[in-house]
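Inspection log for the structure reproduced underneath, given as structure tokens.
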Amino acid sequence: MSWGTELWDQYDNLAIHTSKGIEFLDKYANFIRDRLAIETEYAAKLRRLAKNYQPKKKEEDDNEFTSHQAFRNVLKEINDLAGQREVVAESLQLQIIQGITLLSKTLREERKKCLSNGTYLQQNLSSQLSALERAKRNYEKAYRDSEKAVDNYKKADMDLNLSRAEVERYKNIMTAKIQQSDDAKNEYANQLQKTNNLQQQHYNELLPEVFNRLQELDEKRTRGIREFIIGAADVESSVAPIIARCLEGMVKAGESINEKEDSYKVIERYQSGFTPPTDIPFEDLSKQDPESSQESHYNNVQSSHLTVKGTISANRIKKRVGIFNIFGSNKQQKIIEACITLKNSLTADGQKEDFSDLPPNQRRKKLQAKIAELQQKIAQETAARDGLMKMKVVYEANSSLGNPMTVEGQLNESEHKLEKLKIDLKKYQGYLERANQIPMASNSPQANRNNLHNGHRVSRHSNGSTEDNNEDGDDQPDDGGSLSRVSLSKTHLNNSSSASPESGLGTSHTSLPGSGQGSAHDNAMGEDAYYETEMELLQPLGTCRALYPFEATSEGSIPMNEGEVLQVIEIDQGDGWTRVRRLNNTNGWDEGFVPTSYIECTLYA
């Protein structure tokens, strides 16, 4: 069926229909543009979502868990999904939007041309109809005039009163009018024939051709919409396999989570190496001497056990102030230098260089990881050095390739780095060797208790043997090479140059019992004099027992052996150090700070 045949008289409606069809095509183009914007925004939000939930640097330790690894894989798949949505948006832009824009432009131009041609044909037909109408009116007028002239002539010819000249004039007029009527008739006939021919050609050939061209354009538009809809679906289906693989990757990531493996890794991370506490032995007071009975009283008075931070009720907390009332400028300078030295001995995360502030098992793991890192760096630096040496040999053999002296400086620098790495490796290997020599504590920091046999303390040595200790609190070094104790005398405090937490400078208002704030030795050294004030002994807050050995690394701290019992004179203020005191047979009392995590405290009620 053809528009030219069936819709020969619907020129205006066809013009409106084709216009609406092109508007509908533009509407579909706007729909694709809006969808494209949604796809682009969705992809951008997916990428932002994956970026926001990427593990932070401080969370790197948690990445070893399978659940965290699975989540990282899910984030990668989300990124891939975002990439596929971007592909969809780009394909819609290139294949659909541009195709619709080009088709719409072509259809508008062709429609305009067809409508212009149709308008021209309509105008020609209208002009011919107007000419026919004029010819018809002229013929009608001429025919009436000729009839009137004939009547006038007949009347004049019947009138006997008119002369022959008058009758002849009427006759001539009649003849002229008849001739005009015949000419108008002929003109009308010609115009009628011409109009019929044009009208037949217009409705049978010219106008149907225009309508058929409009029909082709409309069908082309409809066919284009069909192809664009299918093309948009093809764009989506082309990325569907990749999206399906992304979803499969997410499923595999979820299936890779192993709760047992994560539980094992939690054990590996937090295992301290301590064993659970043993049974508390029965203490027969009737078999103990008075001195041991008094010390047993210290051990058996029940009170709240301190946590690692040494938490206690607020009425027991005392704020630490300076050990001495006045500091000289030289003393302050020494403290500052000691602070810098302590800072340099810490790692980037604030831990000690040898990780001695960690539990034994965690310390060994840290040292092993550090040794592996140094070995890898040594291997890399060795390979770089060997490459430089080969380059130098080549330059020496052929000077045109390069100057050997240019490699000499790099080679020396590489040798220096390699030597430094080897020194660090040897140092950390020594740390690991010493850490392996330290035995596992017989119980945990929160529940460790030393066994009591017949009123005597039994401390466990590094070699696994036990021995009885005196009740005065002076434990002897064991055979395994436990660290010796250095008494905290007045001279030690006055000459202290460390401002570390171990020294206690700036954190306590008390000094050694019987010691003054200045000494003749300090004055002889040219330092500022201190006010000498006799300080009375602080009353002990409770007792503590050493869980494992501790070596004093700076002034203000005191060493202790595993199992040693000390008096607590000041609790931990949140800095990880507890102030303790022990009886020294030579010079009275030793007093200083020890790590809170190395002891188990029992405070008096």
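Note that the numbers count up from 1, one per residue, in the order the chain is shown.
For all residues, glycine too, the Cβ spot is worked out from N, Cα and C.
Among the features that TrEMBL reports, domain 'F-BAR' is placed at 1-262. What TrEMBL records for 122-201 is coiled coil. Annotated domain 'REM-1' per TrEMBL: 357-434, in sequence order. Here TrEMBL flags 468-478 as compositional bias 'Acidic residues'. The domain 'SH3' annotation in TrEMBL covers 539-604.
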Three-state composition of the domain 'SH3' (539-604), taking helix and strand from DSSP: 3 helix, 35 strand, 28 coil
Rounded mean pLDDT for the residues that make up the domain 'SH3' (539-604): 85
Per-state residue totals over the domain 'REM-1' (357-434) - DSSP helix, strand, coil: 69 helix, 0 strand, 9 coil
